[in-house]
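> Sharing the features that TrEMBL gives for it:
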type: DOMAIN; residues: A:96-311; note: domain 'ABC transmembrane type-1'
type: TRANSMEM; residues: A:39-62; note: transmembrane segment
type: TRANSMEM; residues: A:100-121; note: transmembrane segment
type: TRANSMEM; residues: A:133-154; note: transmembrane segment
type: TRANSMEM; residues: A:239-256; note: transmembrane segment
type: TRANSMEM; residues: A:290-314; note: transmembrane segment
């Protein structure tokens, strides 16, 4: 780094009074404090982020350009070969399809349900805190516990859901065998965990909507549903965008649910019927095929950016707001 | 090999761990000249022992300390899969491995190709113990190039067939364990018995859980399995593998399978509720059965068809990173000697790997009351004795997974036998 040493050398003749210098120093110190301190405050995060976020990201990109397995000491550079193999791989596209399918099946109903729940709670109720905490409970439950319980519910022989269905004459659905049935089961688990959480975020946003708007609407004769559609949703649009994006990212990264639902089957079922992208990466990591797994990781990263971007544009373009 | 895969880490975590670690590849520790001759009692040293569960070694450590008062022993335990993947990472990055590590049978093939990461136990006088061991068990611990002994055996997982006497009675089959064993000297006879069971139409019960574990047992009974003697994958061309696969298909086609994946929640429930009447049973699976609380005497144990078999069992090895190979070698010698193996059998039900002990009354006469006083010691050691050595390759687990998936696809009615076989071969060809 360049220092200011030459300046100091130049200031050899000590004739001049020292004061303006000192003032200059103080001024510089002040400037440094004002301009520099904020960076110092955020530095710990960015240092950690660089070490544990940015560096791995870049390093994964580097690894993805190699034939790289853990037990051999040599890693040969193969350029984009891993990506070429990946794009021609049926299993990759199968995992992509599964991820999108589970993503849509879980996110769309979940957000609608969350808005509806928040709307219901956004009115004077007794024991409000109780209801709000109850909403959050599924989210604080460990994902492992949730999946284990739901796997029992979705069991073929002794599952409760099949028992209920049998009352209607539907017998022995093997939930984990079919594509649609397994996606539905996994989506149910995701919805169970995240609907309440998102409802709370929506609720917080709804409470910031001015009461007068609703009063005016009531006077104009708008009913509850119209108020929800015409006032609430446009007013909380920034929150909706936020939730849509975070849910999308979450849905793209689903790993624990399919892994545990398949009793630790890293292929996501015998026919890969519910192997998500994360699980596909995981499969290749456990095979210690790091180059290939890194290539999938990067493709998944690009997908998430892409899907989140599309969703952002989509939700932003939606009906204009009041503001 | 236990099949539970408890490990699931977010890929990014794996990537960062990898990224941080891989800076020091290749520098394999390079044996920092251990202070040579006649160990000075003054020098205090610490040995770490890395295991994946409680091996009940604590009393043996105390015994070791009597002759080695200067040695302190610290045991580290990690979850089964984590333990082995951590070990791979530690060996690659050249740091962090324990002085003594346990390697389970399902993973040993991943380490025998890299003898330079381990001390050669022959250099520490353990080579002379070869004659004591089951030949196949000994061979598992030898490096692929045959030059180095990287691991010395602890226990084995002899194979049997667990069955439910109550369901057998209902189907009009004999229920006594010796008569049951006599029903199926071969896998063909096993399937024929199954067909009789199906014909008896026992309400709510299939003959067996699935075809995967049976397939595995059949492959492991062959002289060559998924790998040939040069450690190339031959799963697709080996007629023994195809024979085992066809046998699995035959089980499915004959309606023997309950189509349950071993270790899945419905499988666990099935053990307790009796939705299937038999299952392939390594010694340690008796614990799995007991955990489901089916009731005392509900399950019994007979011999496995095809004569002998093994699943699981562990080796102890010394990574090159360790600084005290001499003391560590003395420790694993003690942990695996005859006296210790007998103690571990009675205390921890770890089946010995030294055939000489199979005639020891402590092993031979041991019965398990939970399984109708079955002579577990005899059944499982007979199976372990009868097994022939087979080359274990580094990716045997992945290959097996591909076949299991194929059999399941047939069981679920998604593919026919040939379609599933074709996809299995495709999956196997992807394994590097």
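Just so you know, glycine gets a Cβ as well, placed from its N, Cα and C.
What's the neighbourhood like for these features in this structure?
Proximity of distant same-chain residues to the transmembrane segment (A:133-154), defined by a Cβ-Cβ separation under 8 Å and at least 6 residues beyond the stretch ends, is recorded for 117, 121, 160-162, 175-176, 185, 188-189, 192-197, 199-200, 256-257, 260-261, 263.
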> How about the transmembrane segment (A:39-62) and the transmembrane segment (A:290-314): at least 3 CB pairs under 8 Å, pairs 6 or more apart in sequence, or not?
yes
> For the transmembrane segment (A:239-256), find every same-chain residue at least 6 residues outside the stretch whose CB is under 8 Å from a CB in it, and list them.
99, 102-103, 106-107, 110-111, 114-115, 143-144, 147, 186, 190, 194, 198, 201-202, 204-205, 233, 276-279, 282, 300, 303-304, 307-308, 311-312, 315-316
